[in-house]
Amino acid sequence: MSSNTKWVLIGLILLTIIGLQLYALYEIPRSYAEEIKAIQQEKEALETEKASLEQENTQMESELADLKEELQSIEKRFKETQQELENTIKELEKDLEESNEKIQQLQQINQQKEQENKRLQRELQSRKEKRQVQVASRSRDSGSSQPAASKQDTSSNQSSNSRVLTGFEVTWYNINGITASGRPTQDGVTIAVDPNIIPLGTWVKITFPDGTVKKRRADDTGAAIRGRKIDIYKDAPDRDLLSLGRVTGVKVEILD
């Protein structure tokens with residue numbers, strides 16, 4: 001090989017080495033710079049995403065805290081409502097028990113009233129039958145009953161010691177006819193009395209416990225009218241008389 005060729009080869013080798021060194025000095029760092037830039041961009045993107053996630057996490061924690069607070073409020077209201085419902089149920093059960101007791105009491109009262117009405121009906125029927133017999137007897141012999149009544153009035157006047165008497169029991173009857181004094185029965189006037197207590201033919205003022213006052217005349221007597229009892233004549237159906245019942249604690253003032 002000639003010396004010229006040798007130096008040419010050496011020059012080419014040197015140029016190649018210099019080119020490689022220049023490439024290493026300029027191209028490789030630039031490639032690394034691009035990778036570093038890409039990594040930095042990715043890092044920034046990750047940091048941005050991290051910040052976004054942290055913000056979302058903070059928001060979610062705030063919402064979770066609100067939900068917990070709302071849940072506690074709901075649980076509190078639920079307990080209060082449950083307690084109110086339990087109290088209401090207890091009150092309703094108590095009211096129901098009291099209502100059942102009242103119903104039982106009313107049923108007992110109604111039974112007692114029914115029994116009392118039946119007793120009063122029997123008594124009224126018995127008194128009606130007795131008075132019908134008395135009226136028939138008086139109608140047959142009204143002439144002789146008048147003097148007898150007058151004599152009875154005299155004896156009754158002698159036996160009456162007080163103008164005001166108390167503790168009377170009052171009932172009602174509706175049998176029409178001639179009374180023991182010889183007068184016909186008259187609504188608003190006639191009463192049956194015990195002539196040993198109230199003389200026949202006298203007017204009396206009857207004062208009831210509720211303050212009601214009635215003025216009547218003692219015209220009649222009755223088999224069941226003994227002692228301090230008064231039977232007031234009233235032209236009304238039996239059911240009306242039964243509704244009036246029996247009144248005690250009545251005061252009687254003899255007027256004449």
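Even glycines carry a Cβ here, placed using N, Cα and C.
On a predicted model such as this, the values are computed, not experimentally measured, just so you know.
According to TrEMBL, the compositional bias 'Low complexity' annotation covers 103-112. Each residue of the compositional bias 'Low complexity' (103-112) gets a DSSP state, and the totals for helix, strand and coil are 10 helix, 0 strand, 0 coil.
According to TrEMBL, the compositional bias 'Basic and acidic residues' annotation covers 113-127.
Positions annotated as compositional bias 'Polar residues' by TrEMBL: 134-162.
Within the domain '3D' (190-238), the DSSP-based counts of helix, strand and coil residues read 1 helix, 21 strand, 27 coil. Taken from TrEMBL, the feature domain '3D' covers 190-238.
TrEMBL lists 103-162 with the feature region 'Disordered'.
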